[in-house]
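Heads up: the structure comes next, in structure tokens.
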Amino acid sequence: MAKAVAVLRGDSKVSGVVNFEQSSESDPTTITWEISGNDANALRGFHVHTFGDNTNGCTSAGPHFNPFTKEHGAPEDDNRHVGDLGNVTTDTSGVAKGSKQDLFVKLIGQNSILGRTVVIHAGTDDLGKGGNAESKKTGNAGARPACGVIGLSE
């Protein structure tokens, strides 16, 4: 059993916590989150980025984690970056709270997300269906108001 956490902070009012849990390398990873400070009633892009480097804010986290060199997609797509977690949905207070299971995201094994960065974006992820090159790369999710490095937890 492996558990990890990322505490999201940034240059904005957006903050939160994302937890990850995986029983074995072949099992899905359970991802839970509570993120506040977003716009009310919005979808906000939610991704694992390649680097655990936040020295220049969330920009230093690099591109989406993509060890298999796929195009950007939705979490349910086979053709997607490992780091493509889709969107979180905010309530009337701008809080996003939820959970999901993901077979591509791993805490255990060669393509672990440990030491990488979770980013919450300022815009909605179009899930690679935006009809332009940037959509196939980033989902046109926009700026990075908050992020956190994924570290082991108890």
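Cβ from N, Cα, C; glycine included.
What Swiss-Prot says about this protein:
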type: BINDING; residues: HIS47, HIS49, HIS64, HIS121; note: Cu cation binding site
type: DISULFID; residues: CYS58-CYS147; note: disulfide bond
type: BINDING; residues: HIS64, HIS72, HIS81, ASP84; note: Zn(2+) binding site
type: BINDING; residues: ARG144; note: substrate binding site
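Where Swiss-Prot records a feature, it is marked here on the structure.
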residue : record                 : contacts (Cβ under 8 Å, 6+ apart)
HIS47   : Cu cation binding site : HIS64, PHE65, HIS81, GLY83, ASP84, LEU85, VAL118, VAL119, HIS121, ASP125, GLY139, ALA141
HIS49   : Cu cation binding site : CYS58, ALA61, GLY62, PRO63, HIS64, PHE65, GLY83, ARG116, THR117, VAL118, VAL119, CYS147
HIS72   : Zn(2+) binding site    : HIS64, ARG80, HIS81, ASP84, LEU127, GLY128, SER135, LYS136, LYS137, THR138, GLY139
ARG144  : substrate binding site : GLY10, GLY57, CYS58, THR59, ALA61, VAL119, ILE120, HIS121, ALA122
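Neighbours of the Cu cation site: apart from HIS47, HIS49, HIS64, HIS121, residues of the same chain with C-beta atoms within 8 angstroms of the site's C-beta centroid are GLY45, PHE46, VAL48, ALA61, PRO63, PHE65, GLY83, ASP84, VAL119, THR138, ALA141, ARG144. Under the three-state DSSP scheme, HIS64 (Cu cation binding site) falls in the strand class. In sequence order, HIS47, PHE65, ASN66, LYS70, GLU71, GLY73, ARG80, VAL82, GLY83, GLY128, LYS137, THR138, GLY139 are the residues of the same chain, not among HIS64, HIS72, HIS81, ASP84, whose CB sits within 8 A of the CB centroid for the Zn(2+) site. Under the three-state DSSP scheme, HIS72 (Zn(2+) binding site) falls in the coil class.
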